[in-house]
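Okay, structure first, notes after.
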Amino acid sequence: MADSLTEEQVSEYKEAFSLFDKDGDGQITTKELGTVMRSLGQNPSESELQDMINEVDADNNGTIDFPEFLTMMARKMKDTDSEEEIREAFKVFDRDNNGFISAAELRHVMTSIGEKLTDDEVDEMIREADQDGDGRIDYNEFVQLMMQK
């Protein structure tokens with residue numbers, strides 16, 4: 001998993017890790033983890049931090065070594081990539097860049113990928129995703145739709 005990180009990322013993570021490894025023993029406490037993550041531009045919630053710690057801290061000794069930290073950061077980066085992919089997909093559908101996917105935009109994209117849909121089918125797709133009932137799909141509704149897949 002950590003193999004997917006670039007040398008630059010590993011170096012950046014090592015630097016951040018070292019800042020919080022006060023005694024230089026190659027371990028950081030779980031309490032310090034949130035501070036390390038935030039220094040790297042991540043913003044995990046308390047429950048996300050606890051989940052990450054539980055996944056990584058196999059011996060439950062309350063500390064995380066650098067290889068464990070790298071594995072965890074690689075996982076976090078992978079999650080971020082999928083968010084970016086969803087954002088890019090939304091832009092493909094939102095042809096006029098107004099922040100919404102209309103029935104016409106949905107029909108156009110579906111037709112361009114070879115999906116021949118009737119107006120009723122397109123309207124049904126919009127209805128399924130359209131949580132606020134405004135007849136179009138906003139970014140948050142699109143994310144919800146994509147996460148269900």
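Counting begins at 1 with the first residue displayed.
Note: Cβ is positioned from N, Cα and C throughout, glycine not excepted.
Since this is a predicted model, take the numbers as computed values, not measurements.
Taken from Swiss-Prot, the feature N-acetylalanine applies to Ala2. Per Swiss-Prot, the feature domain 'EF-hand 3' maps to 81-116. For Asp94, Asp96, Asn98, Glu105, the entry in Swiss-Prot reads Ca(2+) 3 binding site, with the evidence type sequence analysis. For Asp130, Asp132, Asp134, Arg136, Glu141, the entry in Swiss-Prot reads Ca(2+) 4 binding site.
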Inter-residue C-alpha distance, Asp132 (Ca(2+) 4 binding site) and Asp96 (Ca(2+) 3 binding site) (nearest angstrom): 21
For Arg136 (Ca(2+) 4 binding site): intrachain residues, at least 6 apart, with Cβ closer than 8 Å: Phe100, Ile101, Ser102, Ala103, Ile126, Asp130
Residue counts (helix, strand, coil, in that order) that DSSP gives for the domain 'EF-hand 3' (81-116): 23 helix, 2 strand, 11 coil
Other residues, Cβ within 8 Å of Asp130, Asp132, Asp134, Arg136, Glu141 Cβ centroid (Ca(2+) 4 site): Phe100, Ile126, Ala129, Gln131, Gly133, Gly135, Ile137, Asp138
Residue among binding-site residues Asp94, Asp96, Glu105, Asp130, Glu141 with least C-beta crowding, 10 angstrom cut-off: Asp96
Cβ neighbours of Asp134 (Ca(2+) 4 binding site) where a neighbour is any other Cβ within 10 Å: 11
Near-site residues: Ca(2+) 3, ref Asp94, Asp96, Asn98, Glu105, CB cutoff 8 A to centroid: Phe93, Arg95, Asn97, Gly99, Phe100, Ile101, Ser102
Predicted model, mean pLDDT over the domain 'EF-hand 3' (81-116): 85
